[in-house]
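S.K.: One structure follows; several queries about it will come next.
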Amino acid sequence: MSATVETVTVPVQRGLPAATSRVPDLRRALLALAVAAAPLLQVAGMLPHPVLPETPAATLALVAQDPDGWFRMHALAASSAALSLVSALVLAGLVRGRGAGVATVGAALQSVGCALLVFAFAAEAHLWSLAADPSLDRAAVVPLVALEHGSPAMSALLLGFPLVGVGSVLLMSGLLRSRAVPRWQPALVLLGTLASIPAPPGSAVGPLLLAPAVVGLLALAVRVARSGGR
């Protein structure tokens, strides 16, 4: 008596490994894009920023000349802050072992500061652009915008900037200590960050002083694209 053996052919789906491998590649590209775009948007918002007058009435008159431009500047600043939050977490993920603790604390501080700045920039863009509406009585609006100095948005702005600055310094110090990336990259970010701190809003030298940080972050973005940000 002979037994008949049936061969079952299982269809193999081709192309799945390649498709799956594209997911990490896309993730790397998006994370690198966030790291690269954050400083570029920051500079794009700084370049057209005027020197601010000392009084609310003069500031309101300045905003009224181009309310859409004022809104765009602050939208760019808010977008940059949001991407900087992502960037801080991504760059902290590059650090392993030595320097990881410092980098983690720095990324946490920078993330909190960036979140505060997103709120502050968005509120400032909306408030001043709305107040500059030509249909409103300018004399009646000035006392209202003067209240901004004690508003939550101003508090967020005043707290957000130092948190971002201190957090960035700690994060770059952690990267320097870990040697996870070429040391010149975080060194440039440190140089640009510290050099640009004294520059007031609207200063022509602000973007120039920040240039080393932009170069360093662009180089770090390339590193993230190659490493996956992990």
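Every residue, even glycine, has its Cβ placed from backbone N, Cα and C.
All TrEMBL annotations are machine predictions without curation.
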S.K.: Quick one: which of 4-21, 184-201 does TrEMBL have down as transmembrane segment?
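M.R.: Result: 184-201 is the stretch TrEMBL calls transmembrane segment.
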S.K.: Any residues 6+ beyond the ends of the transmembrane segment (71-95) with a Cβ under 8 Å from its own?
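M.R.: Result: 31, 34-35, 37-39, 41-42, 44-45, 48-49, 103-104, 106-107, 110-111, 114-115, 117-118, 121-122, 124-126, 129, 160, 164, 167-168, 171, 174-175, 178, 180-181, 217, 220, 223-224, 227, 229-230.
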S.K.: Which residues of the chain, 6 or more past the ends of the transmembrane segment (30-51), have a CB below 8 A from one of its CBs?
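M.R.: Sequence-distant neighbours of the transmembrane segment (30-51): 62, 69, 73-74, 76-77, 79-80, 83-84, 86-87, 90-91, 200-203, 206-207, 210, 213-214, 217-218, 220-222, 224-225, 228-229.
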S.K.: For the transmembrane segment (184-201), what are the same-chain contacts with Cβ under 8 Å, counting residues 6+ beyond its ends?
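M.R.: Sequence-distant neighbours of the transmembrane segment (184-201): 49, 51-52, 165, 168-169, 172-173, 175-176, 209-217, 219-220, 223.
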